[in-house]
Amino acid sequence: MKLVDEAEIEVFAGNGGNGCIGFRREKFIPLGGPDGGDGGAGGSVYIRADENLNTLVDFRHDRIFKAQRGENGMGRQAYGKGGEDLTITVPVGTVVINVATDEVIGDLTQHGDRLLVAKGGRGGLGNMHFKSSTNRSPRQALPGEPGEERTLKLELKLLADVGLLGFPNAGKSTLIRAVSAATPKVADYPFTTLYPNLGVVKVENYRSFVIADIPGLIEGAADGAGLGAQFLRHLQRTRLLLHLVDISPMEGGVEGISPVEQVRAIERELEKHDPELLRKPRWLVLNKADLMFEDEAKAAAEQIVAELGWKEPWFLVSALGREGTFPIMSRIMAFFDRQKEEEQEARNAQ
């Protein structure tokens, strides 16, 4: 499932250092010639693609990036030190657009791709360059040139890593709000989610993954009922499915359907639409535990798991109270890490 993530940033290359006005002054050479050195070049700003990143979420807060200014020239024909370049890392697949011209500067499609987005200013010339037959002691030097400044738009087509499955009102929108910065509409009636919502879940050390809240499925979704038909296809490219089920006993569960039947009904829809979806990793999330006493919720969860013969990981949570939600996210990150290691081992074995 691909949706667009975007961010706007400002980049400032470093100004060049100023040239120096200086004269040679040594013992026995009281009236030496000009020896002012040139200023150093300003640092440039680059954007580099990094396969370890997959969202632009960090640019929500860090929007201004400045490279280092070049140092001024000095006497004795000493050149100023050049400013350090600044490299901004973004996910592979990021498109960089110049906001002022709406021009695409570059498309970073491979890990390690590097793009110059703002060039540092050249250093100014020192007065040693202005000596002539008619001017033996020039008191003239040039200032450094300003570095380039640009406002850039970063666009990334996001591939959702995790898809949320479940009947209407199973709590998918509530869960995605609890674990990410997304704010989908949440209400206590079916089909609140009319379009896929996307959230970026940040785990430790600035790592993150993308989670998609697919509109609620009902029986017949594969045949066009409810809102599910047009969104079932979005699940095909996710790496993991979280199957949310309302275990609260109120009115016998969602729309009077028992939790076990909720699971089986959606499995039937997946089977009809694409049997491969049933072979995709799918974890069971038993939600709304806050509507029951703790021991009752645990007993109900264990009974549901037993009736289903569930072999994959399962979790008992309250998305509304954020109870038990973050351990799931950490477990997902670890699962993706293992996937990446296995893929790398497979490539190395070829």
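Even glycines carry a Cβ here, placed using N, Cα and C.
The GTP binding site annotation in Swiss-Prot covers 166-173, 191-195, 213-216, 287-290, 318-320 and rests on sequence analysis. As annotated by Swiss-Prot, Mg(2+) binding site applies to Ser173, Thr193, with the evidence given as sequence analysis. Look at Swiss-Prot and you will find 1-159 tagged as domain 'Obg', backed by sequence analysis. The feature domain 'OBG-type G' is assigned by Swiss-Prot to 160-337, with sequence analysis given as support. Summarising the annotation, Swiss-Prot assigns region 'Disordered' to 126-147.
Secondary structure at Asn169 (GTP binding site), as computed by DSSP, is coil. Averaged over the domain 'Obg' (1-159), the predicted model reaches a pLDDT of 87. In the region 'Disordered' (126-147), the DSSP tally of helix, strand and coil residues is 4 helix, 0 strand, 18 coil. In the three-state DSSP classification, Ser318 (GTP binding site) falls within a strand. If you compare Cα positions, Ser173 (Mg(2+) binding site) sits closest to Gly166 out of the binding-site residues Gly166, Lys288, Ser318. According to DSSP, Lys288 (GTP binding site) is assigned to coil rather than to any helix or strand. Neighbours of Asn169 (GTP binding site), defined as other CB atoms within 10 A of its CB across all chains, total 23.
Taking the Cβ of Ser318 (GTP binding site) as reference, residues of its chain lying under 8 Å away and at least six apart in sequence are, in sequence order, Asn287, Lys288, Ala289, Asp290, Gly324.
Taking each Cβ in turn and tallying the other Cβ atoms within 10 Å, the top scorer among the binding-site residues Lys172, Lys288 is Lys172.
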